Amino acid sequence: MHPRRPEGFDGLGYRGGVRDDPAFGGPFHARSFGSGTELGHWVTTPPDIPGSRNLHWGEKSPSYGVPSAPPTLEGSAEEPFPGGGEGPRPGPSSEQLNRFAGFGIGLASLFTENVLAHPCIVLRRQCQVNYHARHYHLTPFSIINIMYSFNKTQGPRALWKGMGSTFIVQGVTLGAEGIISEFTPLPREVSHKLNPKQIGEHLLLKCLTYMVAMPFYSASLIETVQSEIIRDNTGILECVKEGIGRVIGLGVPHSKRLLPLFSLIFPTVLHGVLHYIISSIIQKIVLLILKRKTYNSHLAESTSPMQNMLDAYFPELIANFAASLCSDVILYPLETVLHRLHIQGTRTIIDNTDLGYEVLPINTQYEGMRDCINTIKQEEGVFGFYKGFGAVIIQYTLHATILQITKMIYSTLLQNSI
């Protein structure tokens, strides 16, 4: 139920004000919002698509009517490029290509995270909730084999089911966070100064957001694991309907083993908050390392304009990739427990991940999170928490490949334009 990437590329960072980064020896000026007469207090600036408009390190998109000062890599205005001397400045056509290519890089990353990776998410969730399975699919080879079987017996729709509901859950999560922060003093972002009170309020906002999105996440989970063989042609808003019905106790009848929503609050919020914290920390560390590495390379030798443009875009994407990978791997056992608790008692029929051409019912009787953990450990062993882990390997291998291909295409375009 968390977004596939943390909000913003500053992790727990603060976008406003002036930030001093010792790695670059100078302040980075954030975007200016203008005077209160130009923009109302209710207007907020949406986050930039990664790599779309940030032309240099630390530079954010300028607001309407406010000119932006050209940033420098060092404090001296006479030496915009490290090592002395002035590098070639891109012309208007080069700048347009720079913006267009950066926007394309961001869209390619978002497309990979939310569309191309969806079959891996479907298989991963089906393996996690299948307590009958004898094959755990810990490697990508067995996952590819079962993907082929599902596609052969049920068609391509078997691997793309529930994709619309995942976008709805992300929209509900972002919308709930914005509304709650608008009507409460809880901050959506925190400053770089470690203020325990501000961090606590920010995490409280995350907890409330995950609580609001929880019933819709549960409905989306059912759509992604329900077998296509017995699945009805549901509309794209079925996730919203089922989520509201879960809250008010209406909709599709469930069994007596269905866990009440209040018993799902703790594991759901715990998973969401831990995923956000781990992602933010990893992202911050990786981005800092890449910034220092880039800065040292600029000091050692003069770099080309093409390399400067690549250094402006890809560190954020790489940091986001590493953050998502680490958080998914670390929290995979907790995610398995969470999905089994959400799916219990919903009368869901899933595909047989051992054979690929049969269906199985979900008839678990967990009493809660602790009972679920103990039962998995006793009946399926420690590796039972990692069922379907091969899908994670395929998902992030595909993501890394798309990033590398995008970087190669972008480098070729820049070489032809310079």
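Here the Cβ of each residue, glycine as well, is placed from N, Cα and C on the backbone.
In Swiss-Prot, the annotation phosphothreonine falls on Thr45, out of Thr45, Thr184. Checking Ser32, Ser52, Ser76, Ser191 against Swiss-Prot, you find phosphoserine recorded for Ser32. Touching of the transmembrane segment (314-334) and the transmembrane segment (202-222) is ruled out by the presence of fewer than three CB pairs under 8 A, sequence neighbours closer than 6 excluded. In the repeat 'Solcar 1' (96-187), helix, strand and coil residues by DSSP number 73 helix, 0 strand, 19 coil. Here the repeat 'Solcar 2' (311-413) has a mean pLDDT of 91 out of 100.
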